[in-house]
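A quick write-up on the structure given underneath.
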Amino acid sequence: MKQQLLERFLSYVSFDTQSDGQNQNVPSTHSQFVFAQHLRQELVSLAFEDVQLSDKGYLTATVPANVEGVPSIGFIAHLDTAPDYSGKNVSPQVIENYNGEDIQLGLAEVLSPKQFSSLNQYIGQTLITTDGTSLLGGDDKAGIAEIISALHHLLTHPEIPHGKIRLCFTPDEEIGRGADHFDVESFGAQWAYTIDGGQVGELEYENFNAATAMITATGNNCHPGTAYGVMVNAQTIAARFHAKMPLKDTPEHSRDYDGFFHLLGMEGVTEKATLTYIIRDFDLELFEKRKQWLTELVEKYNADLSIGQLTIDVQDSYLNMKQQVLPHPHIIDIAKQAMQNLGIEPIIKPIRGGTDGSRLSYMGLPCPNLFTGGHNFHGKHEYVCVESMVKATETIIEIAKLTAEHK
């Protein structure tokens with residue numbers, strides 16, 4: 001299984017599948033569709049049933065049940081890699097029997113346990129790293145490799161009891177659109193798991209409540225030589241507004257269950273400037289208070305302006321899946337038991353972000369998140385442990401077995 005996973009993963013990361021938040025096409029990049037076509041051919045060759053690729057880039061397939069009266073479950077991963085860092089020409093390095101020392105990434109970069117202490121737990125194991133010029137793509141091609149490997153194992157080992165199992169590989173998860181065209185009804189699962197987490201044992205069923213606030217400053221432009229008493233610089237209005245935001249209520253000062261405001265972007269000219277904030281909190285009441293506080297701050301700032309104006313538009317992005325998952329405790333219990341059966345200690349912690357599962361849970365498909373075995377996603381220091389990928393694959397198989405007992 002280990003060698004098969006390694007080869008499968010190395011094949012997948014050769015596809016550049018970065019998504020593009022500026023492109024409104026679905027998927028946002030054609031390369032994701034090319035990768036999905038490759039996976040479709042692989043699934044057909046492996047004798048998966050009902051293999052379908054939609055024109056939106058959603059790839060689904062089925063492992064038929066071999067026992068009756070068992071809930072249908074699903075496993076989900078995403079095709080795209082983050083637009084944050086280059087995903088072109090990925091040249092993975094395979095480090096066998098890691099010795100605990102610095103790993104040279106190509107010519108100019110280093111992956112060091114002094115900076116990334118998580119490396120220390122993988123001495124003697126096989127790591128896959130970047131060459132320092134791109135991200136690796138473990139997020140989420142490790143998840144794809146693990147799902148296909150696990151479900152193919154079930155197909156070729158009919159002595160393992162399981163119900164109907166569905167898989168889906170989605171486009172554009174990294175830009176928040178992975179669930180936009182997901183057909184929950186046709187997927188036909190009672191619950192599912194995204195395979196999109198990090199270190200071994202991660203089991204996540206809480207995520208941020210999330211919103212985006214667009215604040216627009218309106219000014220008045222004229223020739224700077226005749227600007228006295230006439231010019232109103234929208235950029236100055238925007239900058240002074242941001243100076244009123246709390247300095248410590250930001251991502252770099254928050255952790256665990258802390259929420260935050262994050263200035264994601266600012267741009268403008270004299271006539272018009274925009275500030276884009278993301279708002280995050282795990283607690284729904286505090287989340288609503290954050291949105292209200294920001295709206296009231298804009299109103300107060302406008303009242304103090306003699307000229308110029310700010311407007312605000314707040315849009316919710318996704319909500320904490322906890323409210324949709326906890327009413328179905330067996331979904332979590334089965335995943336925990338599967339890990340424990342394999343000698344894995346479950347690590348239950350909140351996702352300081354979102355997944356396809358957070359939106360799918362509110363679309364009627366409760367969907368916690370499980371580990372892939374990767375670290376340092378979205379950058380040149382990303383790496384994956386192959387032995388951890390094996391454990392993720394075994395966890396998927398064990399979940400299928402335990403679900404067959406849950407009648």
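Count begins at 1; order follows the chain as displayed.
Glycine is no exception: its Cβ is also placed from the backbone N, Cα and C atoms.
In the three-state DSSP scheme, D139 (Zn(2+) 1 binding site) falls into the helix class. In the shown protein chains, 26 other C-beta atoms lie within 10 A of the C-beta of D139 (Zn(2+) 1 binding site). Sequence annotations record features per position, and here Swiss-Prot assigns Zn(2+) 1 binding site to H78, D139, D196 based on sequence analysis.
A coil conformation is recorded for D80 (active site) in the three-state DSSP classification, outside any helix or strand. Under the heading active site, Swiss-Prot lists D80.
Sequence annotations record features per position, and here Swiss-Prot assigns Zn(2+) 2 binding site to D139, E174, H378 based on sequence analysis. DSSP assigns E174 (Zn(2+) 2 binding site) to a helix in the three-state reduction. Long-range neighbours of E174 (Zn(2+) 2 binding site) (same chain, six or more residues apart, CB within less than 8 Å of its CB): S19, H78, D80, T81, A82, P83.
What Swiss-Prot records for E173 is active site, proton acceptor.
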In whole Å, how far is D139 (Zn(2+) 1 binding site) from E173 (active site, proton acceptor) when you measure between their Cα atoms?
-> 10
Any idea what the Cα distance is from D196 (Zn(2+) 1 binding site) over to H378 (Zn(2+) 2 binding site), rounded to a whole Å?
-> 13
Sorted by sequence, non-D139, E174, H378 residues with Cβ within 8 Å of centre, Zn(2+) 2 | D80, T81, A82, D84, L135, D140, F377
Number of Cβ atoms other than its own within 10 Å, given for H378 (Zn(2+) 2 binding site) = 16
Fill in the CA-CA distance, D139 (Zn(2+) 1 binding site) to H378 (Zn(2+) 2 binding site), as an integer in Å.
-> 8
